[in-house]
Structure formats: C-alpha cells, structure tokens
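Asker: Following this message is one structure expressed as structure tokens.
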C-alpha cells in the first residue's frame, strides 16, 4: 500500500515505543527462553540468570538516570513516546515488577523440575541430622570467620553497603532494648553449598545458612527477627573529563565513587514479617516504596550461572549440545595474509571461528616484516591473547598503537589494567576521545612485502574478545583495499592526534556522517521506489532509537518502500500502523546466541548498497560515539549477507514479530520449523566436514562439491516440507 507523503504527522507519540519500556520487553523475551520446551533444563535456568543480570544493569544505569532527573525537577518529556521522567519511572516499576514476579514463578517451577534429577534446593532445617552437622562444621570453618555484624545505634551509623551486596537485617533483644544490626555477606564466599546423600545432591543458599546459625554472631543475645535484602545503586555517575590531567586516575576515582552511589532499588525476601524494620530501611536508604521488590525466592538469581556450571559436569545432557566454531568458509585452508592480498575475507562468528582474527594479530606480532599494528579495543577478555600479541609486538620493536576505551561501561577497571600493561610494554596507548566513546572495531597491520608497504585492515561489528566471540553473533572483513587502508591510516591519525576530521574514501564515521548517510540512502530508496516500484530496505541491529532515522523510515513506508528490520533489543518504532508504517515489519530474534551483528541493506534498483557497522541506529551511536560504517563491495560476501537476513526473517522458532501496538508475538505458521541459529551451526559444521574431506584427498585429484545448490533455495525447499 502506498500513502501520500506527509498525509499523517509522523512525530505523534502513539507511533513510538518508549525506549525504557521497549528494553524491558526485550528482557522479557530473554525470560521467555526459560519457557521454551526446546531448551534444555539447565539452559532455561541460565536464561533466568541472564534476565537478572540484565535487569541489574538497567536499574544501575537507566533507572538511576531517570531518578536523577526526577530529583532535579526535570519534567521535560522524551522526544518519541513523550513520557516525562516520572511517568517513565512509574511505568518501569509497574512493568518490571510484573516481569520479576513471572521470573520467580518460573524459577520455582524449574527448581521442582530439578528434583527429577536428584538435585534438591533446600533450607538448612530440611537437611538430615548428619548433613546438618556437616553444614554447621563448614559454617564455623569457612563462613563464620568472614562475617562482621555491624550494629546500628548512636555509636554505629548505618554502614556503607556496596552495590549489589547481599545483606541480612537482624533484630536483637539486648535486655535493655531491641537493637538492630546488619550482616553483609562477603561477595568472595560461595553463594551456595552442596551436600550429597544417597543419590541426591542438596543445594543450600549461603544466606539461609548464615540466618540459620545467626546466633553464633550474637552470643548472649536473643535474635528476634531476620530478613535478607539487597541494594542496587546508581552506577550512572559522571566521569569528569574536562580538566582531567590523567584520565586513568579520573576513571579510578569514578570506580570508587560508583560503589556507593545512591540506592535505586531495594530487593527484599518476600517472607519478611517486620514492616517497621522495612520502613526504617526504606527511609534510611532514601528509596521510594515503589522501589521495593518482594521476591519469592533467593535474591540475586545471577547465582544460577555458578549453579549451572556446577551441575553441568554431572548433568551435561541438560545443556546445549557443544558447538565448536568452524573454519570460515571465506578462508578455508588458505593462509590468511596471502589470501587477503587476492580478495576480501569474510567472517561470521561464532558459527565461524574467531581464531583467525586472533591469528591476524599474533602473526603480525611474530612477522619481522610487520612495521606497525594499530587497533581499537572496547571490551576484551580477562586473559586476552590479542593483548598478549600486541605487547609482544611492541617488545620486538614494532610500532604499536592501541586505543583502549577507558569509558566502556562496567569494563573500565579491566581496561585501565590493560592500558597500563600495554604502556609498560612500549605500546602507544590512547585512552579514548574527550566526551566520546570509541566503539568502532578496527585493526590495521602494515607490512613490508616485496619492498613496498602493504596495509591489511580488519573491520568488524563486534569486540576483539575471544570469549564473547563464542556467544555473540558478529561479522567482520579483512581487506587490502587501498582506499580502505588509506581511510584506516587517517582514522588512527585522527584518534591519536589533534587532526581535524579526515575526508574518507569509503569508511563512514560517527559522530560526523553515519546518520547523514543513512538518511541520504533512505531518501534515495524512496526516489528509486517512486520511479521503479521496487524499493526495499533491510536493517539488522541491536537497537533502534534515533528519531530522525525512524521518521525517515516512516516516510519511506508511506512512499511504499518495503522495510524489514531485524532488531534484537530496543525498538522505538511501531510497525504496521496504517498510513504511517504499514510497510515496515520488525522481528526480534532471541536464542542461544546473542544477536550482535549490524547490517544495513538498500536495494537501490538492483545496484545494491550493503554495509556492516559497529553502530546501532541509536542516538548515542550517531552523535556520542566514534563508530565505523563500512561498505561491503564483494558480490559474494554481499549475497551471503542478504541470504542471512532472509534466513533470519524466515525464523519461525526464535523470531518474534512486533505488532502495531508494540507487542511481540512468536511467529506462527505451518512451515517446517526453522531456527536460524541452529541452521547456521549445522551449515558451518557441514562445510568444516567437507573441508576435511578435501584436505584428505590425494594431491591432484579433482574435488566435486556437493554444496552447489543455492543456500536459500535449500532453505525454501525445507520450509515447504
């Protein structure tokens, strides 16, 4: 359907989802995975844990920021759904509590299912006498010495309780008066203890153990009442970059300050029976009653990560079947550097191994012909092999320049450590850009080959993190394209010095140009569609919040352009609204792997324009971050990207479509089941097996591939079965 442009006001709030509420809906889609009958039991539990971990960060950052606005009296509505900060806080609390109640309901159901496998979550009093004796002995030896009861009276003010710490509130009868104390549970002691008896394994939470033996801490007094609570604090504090002589020192100050930010959420054991104690705690922490969450189970369900890890040794059949990333199809058994001199090499992680990217830096560090290595780092693993190679390269006299983004949220401490280590090794380390986060993923290796300098460039959508590369779906390209190489050199010169914004040949860089290029490409697609009637836009990203681009997508929809958006997380655009967005569809895929790649496709009357990027279509990515959008010009790689998006749009197992009201629904059709992530794993394994067969063939013998059939044709045939 085509609508007259400008017929409707595309800025009206009813056409938009609020950013924060849309994020909560995404996190609920994560929780839905704990209900999926196709997921193994321990993986269902993991999704319960991921939901909690996500929600913690959401409160520490997003809710904290809104509450700061409310305290300052700021009541200006946000620019899409037109909700004031207070309206957002109220709506968040209502929706979050509903989802948390669902989470705990599901948690308790899964704990019952665990009993079928002889795993029993229990409290100390439910243990047999022999096990209770063991528990008491373990408490005295390994837990009691670590505990410090903190009295609360005129001589003992309310203690500073760390963010996300677990605490026990205690009322004690001291004969003269009823006093209170707090016992903070150290984060370094195990969250649960396990005991075997017969075929069963019993799991006891450490807070229940401490509560059961609480009298050991208050000898001579009667303990009247206890309850467990947990505080979430504001972690969205300001890093004062202006005037900071050393950003490393400023970041370290910020990290200390973040541990004791104002409280934004109070979680309490739902069995709490003393309302006076709770009221006193609410008043002391200066939280509102709507900030209090009564939970029907253990506080902080992120402990499940450790529990699943513990149980998976015995119950590995209740986890996903192990998957090993395969050799990249674009690389095969070729030497990476030799092949890159001939053509671009494409990588799709974690279906395809991240190891070649690690080798890209490792081999550059080892090669005496390498002159320079330059790289941006946003999040890396704790024992990063890439960091190791960069250090070794510098120690061997190579010119190594590394931008380590110190402001990468919740990775600041890790990145400060790496920055210091790289500097000590002789690397030139850049801490980032003032008032901007450098989120781009780029590495440049300069080698002397045949007497000339040749530049190899890796551009990607995800972090240089060998651990998360096994869980996050990301894409990247290694190229020796001379124009991109020149752009990469100019990009690093811009980061490392005081040069003005460079003019790039092919790279498109935020905060300067990405938004403008997107708007220009959408405008061109509108014009092309009005002339040829075949306009089409496909975009895959993590989140869509930028209003200028949303409005432009609305215009394209009104012009009749077909728009397909694959958005895992936040989506402020409502699709399917007559006269506004009826030509837009939005699908979210949440599954075993975290969808993280960003792809942008414009049909352009058959002269397709395809890009990969580190950037989502969020306002922060457009104006507050250094991002790279780069073109995919290799036709074979471009076809793989289009086929991939078609595949994801056909996913009827993990795909959820958003309706015109902003609600998400599982895809329901009569086609054969298709889980796009599982399909890609299977395809990667098939290619790996075929590659091994080829390698085993005697030299000189012809190899006939059985994979000539078009990829998407095979998918379509399978869906018709």
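Glycine residues also receive a Cβ, built from the backbone N, Cα and C atoms like all the rest.
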Asker: Among 155, 472, 687, which residue does Swiss-Prot annotate as binding ATP together with 54, 568, 596?
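Answerer: So, going by the record in Swiss-Prot, that would be 472.
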Asker: Summarise the domain 'PLD phosphodiesterase' (434-468) as counts of helix, strand and coil residues per DSSP.
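Answerer: Residue counts for the domain 'PLD phosphodiesterase' (434-468) by secondary structure: 1 helix, 20 strand, 14 coil.
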Asker: What residues in the same chain, six or more past the boundaries of the domain 'PLD phosphodiesterase' (434-468), come closer than 8 Å to it by Cβ-Cβ distance?
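Answerer: Residues packing against the domain 'PLD phosphodiesterase' (434-468) from afar: 241-242, 337, 340-341, 347, 349, 354-355, 357-358, 360-361, 364, 367, 369-382, 384-386, 403, 405, 407-408, 474-482, 484-485, 488-489, 491-492, 495, 509, 511, 596-598, 612-615, 621, 624-628, 630.
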Asker: Between residue 439 (active site, phosphohistidine intermediate) and residue 472 (ATP binding site), what is the CA-CA distance rounded to a whole number of Å?
Answerer: 16
Asker: Give me the sequence-ordered set of same-chain residues, not including 54, 472, 568, 596, with a C-beta within 8 angstroms of the centroid of the ATP site's C-beta atoms.
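Answerer: Not counting the recorded site residues, we get 542, 569, 594, 595.
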Asker: On the three-state reduction of DSSP, what should I expect for residue 379 (Mg(2+) binding site)?
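Answerer: It is coil.
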Asker: Between residue 472 (ATP binding site) and residue 379 (Mg(2+) binding site), how far is it from one CA atom to the other, in Å?
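Answerer: Cα of residue 472 (ATP binding site) to Cα of residue 379 (Mg(2+) binding site) measures 13 Å after rounding.
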Asker: At the Cα level, what's the spacing in Å between residue 379 (Mg(2+) binding site) and residue 596 (ATP binding site), rounded?
Answerer: 14
Asker: Through the lens of DSSP with three states only, how would you label residue 54 (ATP binding site)?
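Answerer: Its secondary structure by DSSP: helix.
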Asker: Just to confirm: which same-chain residues, 6+ apart in sequence, have a Cβ under 8 Å from the Cβ of residue 409 (Mg(2+) binding site)?
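Answerer: Result: 61.
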